[in-house]
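Record features, source TrEMBL:
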- Asp16: active site (ACT_SITE)
- Asn64: active site, proton acceptor (ACT_SITE)
- Asp16, Glu201: Mg(2+) binding site (BINDING)
- Gly17, Asn18, Arg19, Arg20, Trp21, His33, Trp65, Arg67, Arg182, Arg188, Thr189, Ser190: substrate binding site (BINDING)
Amino acid sequence: MDIKSNYPQHIAIIMDGNRRWATKHDLSYIDGHKKALFQVQEVIEECVKLKIPYLTLWAWSTKNWKRNPDFIKDIISLFRESLKPDGFFADAIRKGVEIQHIGSLEAFPKDIKDRVADFLSQSPPKNLIHVNFAVGYDGQDELVRAYKKIIADNVSPDKVTPELVEKYLDTKGQPPVDLVIRTGGDKRTSGFLIWQAAQAELYFTDTYMPDFGESDLKIACSEYSQRERRLGGDSLKY
């Protein structure tokens with residue numbers, strides 16, 4: 001069997017370890033995030049080469065707002081930099097990335113909200129991959145927002161099905177997550193894509209996100225391709 005034929009169609013990455021990487025290299029925390037953003041470009045390009053159509057990247061959790069105010073100020077500045085006309089997102093769109101935001105930008109400054117809205121309205125010249133950027137994201141928050149929309153639409157309880165709930169999620173219309181990758185060594189999903197990744201395979205690596213690149217993604221996909229995904233059915237091995 002061709003291993004690549006069994007590669008995931010939707011990968012989600014919990015991008016962790018930026019600050020530990022920075023500490024290891026005697027750099028500022030924000031330098032770790034800048035290096036991680038550089039690696040994101042490599043990961044996206046490799047997904048395109050491997051013909052993986054959907055990628056979700058967790059960049060900022062709602063819980064991250066609890067961090068040091070000076071660090072948060074630096075993060076906001078990095079977001080502004082990446083949203084410039086010659087920044088990360090503009091370059092990604094030019095290279096064929098269809099961008100989508102998942103989560104809530106409620107806590108972000110208005111100028112960032114406006115810039116994000118502008119980029120979301122733009123289409124790439126050629127759609128090579130769909131990338132969800134989870135910013136201001138929390139899995140429980142996403143489900144609460146979805147349920148509130150269902151209630152607001154006066155949906156009868158007997159009409160509520162898994163298929164209906166999916167229509168109210170941030171990832172409406174997208175395939176479920178096949179593989180969740182977490183960088184940085186921790187072995188938990190932290191509430192990431194609770195619904196979408198319910199049946200996903202999990203892959204944990206000690207590699208920090210600022211070091212995670214093409215070869216690391218290939219290793220994760222190769223391991224995924226060798227797993228038997230029964231999804232509740234019978235095993236083909238016994």
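Glycine is no exception: its Cβ is also placed from the backbone N, Cα and C atoms.
Unlike curated records, TrEMBL annotations are generated automatically.
Features per TrEMBL, on structure.
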residue: Asp16; record: active site; Cβ contacts under 8 Å, 6 or more apart: Arg182, Thr183, Gly184, Gly185, Asp186, Tyr208, Met209
residue: Gly17; record: substrate binding site; Cβ contacts under 8 Å, 6 or more apart: Gly32, Thr183, Gly184, Gly185, Thr207, Tyr208, Met209, Pro210
residue: Arg19; record: substrate binding site; Cβ contacts under 8 Å, 6 or more apart: Tyr29, Gly32
residue: Trp21; record: substrate binding site; Cβ contacts under 8 Å, 6 or more apart: Gly32, Lys35, Ala36, Tyr208, Met209, Pro210, Asp211
residue: Asn64; record: active site, proton acceptor; Cβ contacts under 8 Å, 6 or more apart: Ile72, Ile75
residue: Trp65; record: substrate binding site; Cβ contacts under 8 Å, 6 or more apart: Ile72, Ala107
residue: Thr189; record: substrate binding site; Cβ contacts under 8 Å, 6 or more apart: Ile14, Val180, Arg182, Ala197, Leu202
residue: Glu201; record: Mg(2+) binding site; Cβ contacts under 8 Å, 6 or more apart: Pro8, Asp178, Leu179, Val180, Tyr224, Arg227, Arg229
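Its Cβ taken as reference, Arg182 (substrate binding site) is surrounded by 23 other Cβ atoms within 10 Å in the chains shown. Here the binding residues for substrate are Gly17, Asn18, Arg19, Arg20, Trp21, His33, Trp65, Arg67, Arg182, Arg188, Thr189, Ser190. Their largest Cα to Cα distance works out to 21 Å.
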